[in-house]
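Annotated in TrEMBL:
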BINDING   F24, G26, G28, E68, I254, K256, G258, A296, T299, E304  Ca(2+) 1 binding site
BINDING   D298  Ca(2+) 3 binding site
Amino acid sequence: MATLKVPANVPSPAEDAEQLHKAFQGWGTNEGLIISILAHRNAAQRNLIRQIYAETYGEDLLKALDKELSSDFERAVLLWTLDAAERDAFLANEATKRFTSSNWVIMEIACTRSSFDLFKVRQAYHARFKKSLEEDVAYHSTGDYRKLLVPLVSAFRYEGDEVNMMLAKSEAKILHEKISDKAYNDEEIIRIISTRSKAQLNATLNHYNNAFGNAINKDLKADPNDEFLKLLRATIKCLTCPEKYFEKVLRQAINKLGTDEWALTRVVTSRAEVDMQRIKEEYHQRNSVPLERAIAGDTSGDYEKMLLALIGHGDA
């Protein structure tokens, strides 16, 4: 599934560590060299480079990068260099401290990672912040948001393809009844969304569409300005077609008056090795512009080069 192509003649992690160390020496930092190495190594290779860098130079590579780089480029390089579980733990913790769109970031991590990956995020969170992810989400969210987010981050869903059609029919009916009654925060809705496997949920939502004539997200648009309903719709989109969700996040990040680099960096660094190809196809189809052209038109310098390298375009 990874979209990053690693050349066959990749230097060893020790050579990479040495080159990175060289990039930090002298008067200026060699940003081009940093991009040419880190943006073209997969997760396992980046972990090895970090390990060898620490052993050889007695310093954490992330600390060295932090000292040498700045602004959006620094954030992209640091997030990318972290391993996936550490990155998600960092993003989730950061989200609990921000007032804007933080609920969305937590929901996104909870719903678009596999059960095992989400379990690793909870472990990494515990190790780094000496608290549990559930504890922080519960503390920093309120009301309906808390009611939805805590079960989502606590979930350990079945990952297989087995589907119970009887269950899909009965739960589609429950969802329809609750939504018809505008009981959007009902515990039955939250139970179904936060515990069922993605395959089971897809079967339930397909049945909902067939039996009641509307896609569930259309029925959840009753009040377009209701922020909880927006989050609920996004949750369903993340669980059933993540590439559509991420396309929208990227579109909104790029088309804003002033780019939302925060969101742009998060999506590119966390999806580059997962489903970036599908997100790019979705983006192109929806906007009639290739994602790389949209990013190039909206960013500049080393930050632009790093993002383009990560989505598989541009010279490193």
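Keep in mind that glycine also has a Cβ here, set from the backbone N, Cα and C atoms.
When other Cβ atoms within 10 Å of the Cβ of G258 (Ca(2+) 1 binding site) are tallied across all protein chains shown, the result is 6. Around the Cβ of T299 (Ca(2+) 1 binding site), the number of neighbouring Cβ atoms within 10 Å comes to 22.
The Cβ of I254 (Ca(2+) 1 binding site) lies under 8 Å from the Cβ of L264, A294, I295, D298, each of these being in the same chain and 6 or more residues away along the sequence.
Long-range neighbours of F24 (Ca(2+) 1 binding site) (same chain, six or more residues apart, CB within less than 8 Å of its CB): A64, K67, E68.
Annotation for G28 (Ca(2+) 1 binding site): no same-chain Cβ neighbours under 8 Å separated by at least 6 residues are found.
All protein chains included, the residue listed as 'Ca(2+) 3 binding site' registers 18 other Cβ atoms within 10 Å of its own Cβ.
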